[in-house]
Amino acid sequence: MTESKIHIDEAISRISTTLIQHGETIQTLKKTLEAFPLPDNTQFNTFRDETQQELRNLESKLTATIAAKSVLWPEITNNTPLNWSQFVSRFLAQLHSLIRVAQQEQEWSECKQQDNETINEFVVRLRSIWLEQRVDEQQADLIKHLFCKMRPDMLNIMSASRSSTLNEIITEAQHVEEILYLRNKELRLRQNTRNKSSINGHNPASLMSIPTRACNSSKNTSPTSTTQANSTCWRCYETGHYAPNYPLNDSRRTFDSFDNNTEPLPPRPKNN
C-alpha cells in the first residue's frame, strides 16, 4: 500500500491550525483552573498545580513552534530543505540578518574601556562580545584586542607585552589602577587645598616668596615693643604704659618748684 504524499504548504497549514486550536484549548483550561475554587484537599491541590505546570510547558513549546514556523515560512514554501543540515543553516540565516550583523559590528567598534570602568569589568564585557562575534579567533587575538581597547593612561604605565597571558595582564592592570587612583586622589586634595586658600584670601605660596633674611629678622624681633605699644593705662587712659608705671602716681610723684599750678589727678573711683 503506497502512502499518499501531502504538499508541504498543506502540511504546514494543518499544523498551524492544530497549534492554534491547541493554544486556544490551553488558554481555556488555564482560565478554568485559575477560577476553580480550592477545596481543602491536598491531593487535589497537588494535581491542580501539576496540571498547570504541564500546561505552561506545553504552551512554551507551542509558542516556540509557532515562532519558528513564522520565521521559516518563506524559506519552506519557496525552497524546501532536503536534510537536517540545510534546515539548520537556513534557520540560522533567518536569525542573522544584515541589520543584526551591522548592529554587532557597531557594538564591537564601540567596545572600549570607559574612564570609570575597572579592568575586570571591561574584560568581562569585551570577552562576551568577542565570543559572540569572533568565533574563529584564539585567546591571543583576544589579548591583542584588549591592548587596543584599553584606556591609554593605563597602557602608558603598563610594561606587559602581548606575549603575556591574560591573567598576567589583568594582574598588572590592577596594580596600575591602584597607582592611578592614588595619583588622582592626591591631585584632588591639592586642588581642594588651593580652592579653600583662594576662598579665604590667603595665598599658600606667599610664605615661600619671602626672602630668608626677612624671615630671620621677623623671627628675631622681640615682642616687647609691640606689647609695650599696645599697653593702656587705666588711670589716664593713655597707651604706652600700665597703671603701676603711671608717671604721675601720688605715691612717687614730687612737685617741682616751678610747677605750682599742677595738681595730681584725682584717683579713679572704684566700681562697686
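The backbone N, Cα and C atoms fix where each Cβ goes, and this holds for glycine too.
Feature annotations, reproduced from TrEMBL:
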COMPBIAS  194-203  compositional bias 'Polar residues'
COMPBIAS  216-227  compositional bias 'Low complexity'
DOMAIN    80-138  domain 'Retrotransposon gag'
REGION    194-229  region 'Disordered'
REGION    248-272  region 'Disordered'
Segment-level pLDDT (mean, integer) for the domain 'Retrotransposon gag' (80-138):
82
Provide the three-state DSSP residue tally for the domain 'Retrotransposon gag' (80-138): helix first, then strand, then coil.
39 helix, 0 strand, 20 coil
